[in-house]
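Here the structure is laid out as structure tokens; the discussion comes afterwards.
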Amino acid sequence: MSRFSGALQLTDLDDFITPSQECIKPVKIETNKSKTGSKITIQDDGSYMQATSSGLQKLEKVEITLADCLACSGCITSAEGVLITQQSQEELLKVMNENNLAKLNNQLDSVRYIVFTVAQQPILSLAKRYNLGPEETFERVAGYFKKLGADMVVDTKIADDLSLIESRNEFVERFNTNRQSMPMMASSCPGWVCYAEKTHGNFILPFIATTRSPQQIMGVLVKKYLAKILGVPGDRIYHVTVMPCYDKKLEASREDFFSDVDNCRDVDCVITSIEIEQMLDGTGIQFLQTVEPSPIDWPWPTPRPSAFVWAHESSGSGGYSEYIFKYAARKLFNINIDQAEFKILRNNDLREAILEINGEVLLRFAIANGFRNIQNMVQKLKRGKCNYHFIEIMACPSGCLNGGAQVRPNSGQTPRELTAELEAMYKMLPQSNPENEAVEMVYTTFLDNAGDNNKRKEFLHTSYHQIEKMNTALNIKW
């Protein structure tokens, strides 16, 4: 029985994120009609040949692009089963090999500046896999990328901080002027956003925060701000992000994140933790310890930080709920809170924090991970019984540390046990303070002292789109 109501049908839905094996995107194949008939044969290399009276013709391979996937309402939560041609390690290695060859042949017009942006969750996943500390892991991963031909390897902290600050400001504005669009729901998880657009559409979209995810904020910083610092056009930069889930590939491919001015995407390629492991294995590197480390780059015009792998509040998914809770308490009610206490409700993936004074609830926040909890929240909202002001939503159980593309557990270890170890590592990281010199620098030098609201809206915020359900026989489940 489906856990979801109505006519919605999901494939392989549970809270263990695995690739979907079904795709119902209808593809029209143009064929030439022959009066004499034709015969199709499969060649030794797997290609298809059509024999007609006029000779042999090789049939084109059907490919489903990321744009097709985003515009389709067939599958809902998982992008892994789609043929992703532009977001793969093979495509990355191809681009880097071609770039290295262009450098070697002094073909300067063809050379691109390659920048890697690495999130902290993949670093922790790889650190656990290779039994290294997080900072050492990051430096050795950077060394590996530099050996492949990367020009720069940076962390995501500046984008993480900007996303938190913009989210907190958006929450306070909604609380003061637009209560009907509450609870405000976090927007950094592309699996959740994709599900919301395809399943609940215009009902749910006004509740989702418009603040971009850290990946997409970093895309703007690299293609526009860093490009200006380097004196390189944005379309000459090839921007790669390393993320903990496959759905980040879909997010990077949204048309909303394509710059018409620069004629390029903010993020060109997304690879994941498990793909890094596969790349290392493919080149015969069994131990990351054998890779020569390289310092993490810091291209921003502020002092270099003391560390490059940071924790954000209590959540391994960005810390949105706790950070916004504490800020809202101070900003709206002049109450200082050192640490928000999130109590476990029905399960470990559903928690809430309440700010209550003299019996009056001032703020009620929740963290809901996994689609079971997400669906319950949505149904409460539809029934008018959701009394939260903010909900941090992540599609994966336990959040981003347990992303669907993190390195798999060793034999004899369960995913839950591995996630617990990653959470313990995360709690040992230095604590980030989003209000820092680097973030202030972005606002003053790139966003014009934050006075240009149009610029902030364009670069740090986005919009969502309802995707109509296709009426096709391929949707029918028997």
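In case you wondered, yes, glycine gets a Cβ from its N, Cα and C as well.
Record features, source Swiss-Prot:
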type: BINDING; residues: Cys23, Cys69, Cys72, Cys75; note: [4Fe-4S] cluster 1 binding site
type: BINDING; residues: Cys189, Cys245, Cys396, Cys400; note: [4Fe-4S] cluster 2 binding site
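Structure coloured by features recorded in Swiss-Prot.
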residue	record	Cβ within 10 Å
Cys189	[4Fe-4S] cluster 2 binding site	28
Cys245	[4Fe-4S] cluster 2 binding site	30
Cys396	[4Fe-4S] cluster 2 binding site	28
Cys400	[4Fe-4S] cluster 2 binding site	28
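Surrounding the centroid of the Cβ atoms of Cys189, Cys245, Cys396, Cys400, where the record places [4Fe-4S] cluster 2, the chain contributes additional residues within 8 Å, namely Gly191, Pro244, Asp247, Ser317, Met394, Ala395, Gly399, Asn402, Gly403, Gly404.
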